[in-house]
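Quick notes on the structure that follows.
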Amino acid sequence: MTGSRKIINYFLLGLALLLGGFLLFYKLGNIPSGFYIDESLPGYNAYSILKTGKDEYGKFLPLLFRFYGSYNPPLYTYLTVFPIAAFGLSVFSVRLVSALAGLLSAIVVYKLLAESGTVKNKLTSIVVTLIYVTTPWLILHSRVGYEVSTAYLLFSLGSLLFWLGLRKYRFLLPAFFFLSLSTYAAYSERFLVPIFIVCLLFFFRKELFLKRSSRYTLYGILTFVLTQIPHLTLIATPAFFPKSNLIASSAVVSQAQKVAQFLPYPISLGLSFLREFFSQYLTYFSPRSLFFLPDPDPQRSLPVLSVFYFWLIIPFFLGIYALWVKRKEPFSKFVFLLALLSPIPAALTKDPFATHRAMPLLLPLILIIGLGVDLIIDRIKGFVWIPTFLLLFLFSLLLLWRSYFVFLPKERAKDWGYGFNLLAEEIKDRPNTKFVIDQARIKPAYIQLAFFLALPPEDFQKSVDPAVKENYYENTDFDAYYAFGKIETRNIIWEKDSYGEKVLDETNPAKKCAMGNNLGLYCRNRK
């Protein structure tokens, strides 16, 4: 590539990153509306680490963070300490690392395509980067204050460095390091990366164990093992497998019992597991799921939009064709491996098409789409494809804007925990009032309140049962009862609490009974 061509290329890449930066950072603290519990937990714990060096339970620099009876990988919480230190305790600060990770991942995608050795047209990498930074899948999960985008960036960076390391062996050591680091960011990567590395070592053994490359490969493996020591110290504790209940065990057992009358139970159990697993696994490659239907969970999807725009189904199938034609080439093997392995952790859970757990799959899918785009550009002579692409691209931007910046803040506010900031203001305005927050029908509310009230971590840690800290990685029990300041979060006992002064006026059944349209619901026990 000539010098002037390089300048144009980098200029266009810069424009793509500017667009991506705008989409990722515009109103970051306000959209999504509300502040979900999975955001407030790392947010407040990062604040607690900053102020005291301890988490909400008083545990000094934990290897895993205990979040309402479950445990989360620590990296995102520790990284969030820096924006909170710089910008203060705010929703924007908690989401900043995730948004930045999403933007940086665009550079990884660009570089992977540019260095693939398969892409024929130099414009392909730019076009695909433009598509990528506007992809609903990326935008949704990069504008939230939890770990999936950061883990995805580290996994993608490790994959890029591994690909480069097949030719320039010095990249192998940092490749293994970043792949290992991603396991400290999210559960999907914790289970995916070891499988991925074993498969890479097998399928690329000729390149990795040459006389010139074997030293770098062994150093990389040693780096991975050494950086996994903290995990190995916890592997026998409940903290290491806290989300095992997400595996669809009840469905598997139920199916196995039906088949057991024809086959021995161990065989029927194995067959039922495989049936359940593959039914989930194949969903992640379904065109309906990828291009037409949104994630069924409203908290992890956009109104109306799927994870990719509908028109990308054409380059997607063309990309699969291109991969198959060149299936013996190293890059095709690399992308196939990424694609086939990435959905495994998500497919082991009960949730259908869980896009947050399948985030690593975004990388191979966008690469496949990129190969399809390259095939289109290569087959259509000249630049006649540009007007069509621009029209589709601008139309997609309008769809994204309408879905994310117009519909989402209003339609999904409840799903994102909207209102805790307003409740915190109400509490601040009434410092002498006792508040009881009903926990019967909502997720634990204590952490959002601690966050928006900027409760001093030293005070909050005193309200926690000391036994939790003493048995930190073993005790998975969680009690929703919290008492700090003049606030209690617990299940309300209506027989005792209904007419107490501790209940918020706005939620007092006595007041609601006085409203004519509430007679049947709130006045049953009144004479």
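Note: Cβ is positioned from N, Cα and C throughout, glycine not excepted.
What TrEMBL says about this one:
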TRANSMEM  7-26  transmembrane segment
TRANSMEM  81-110  transmembrane segment
TRANSMEM  122-140  transmembrane segment
TRANSMEM  146-164  transmembrane segment
TRANSMEM  176-204  transmembrane segment
TRANSMEM  216-241  transmembrane segment
TRANSMEM  302-324  transmembrane segment
TRANSMEM  331-348  transmembrane segment
TRANSMEM  360-377  transmembrane segment
TRANSMEM  384-404  transmembrane segment
Intrachain residues whose Cβ lies under 8 Å of the transmembrane segment (7-26), provided they are six or more past its termini: 1, 99, 102-103, 106-107, 110, 122, 125-126, 129-130, 132-134, 139, 142-143, 400, 405
Stretch-level contact, the transmembrane segment (146-164) and the transmembrane segment (216-241), CB cutoff 8 A, at least 3 pairs: no
Close approaches to the transmembrane segment (331-348) from elsewhere in its chain (Cβ under 8 angstroms; 6 or more beyond its ends): 116-118, 159, 163, 187-188, 191-192, 195-196, 199-200, 203-204, 246-247, 277-278, 280-281, 283-285, 323-324, 354, 357-358, 360-361, 363-365, 367-368, 371
Contact check, the transmembrane segment (81-110) vs the transmembrane segment (360-377), 3+ Cβ pairs under 8 Å, seq sep 6+: yes
For the transmembrane segment (122-140), distant same-chain residues with Cβ under 8 A (at least six beyond the ends): 1, 5, 9, 12-13, 16-17, 19-20, 23-24, 102-103, 105-106, 109-110, 113-114, 149, 300-302, 305-309, 312, 355, 359, 362, 366, 369-370, 373-374, 377, 389, 393, 396-397, 400, 403-404
Sequence-remote partners of the transmembrane segment (302-324) [C-beta within less than 8 Å, at least six residues beyond its ends]: 118, 131, 135-137, 139-140, 287, 289-295, 332, 335-336, 355, 362, 365, 367-376, 392, 396, 399-400, 402-404, 407-408, 411-412
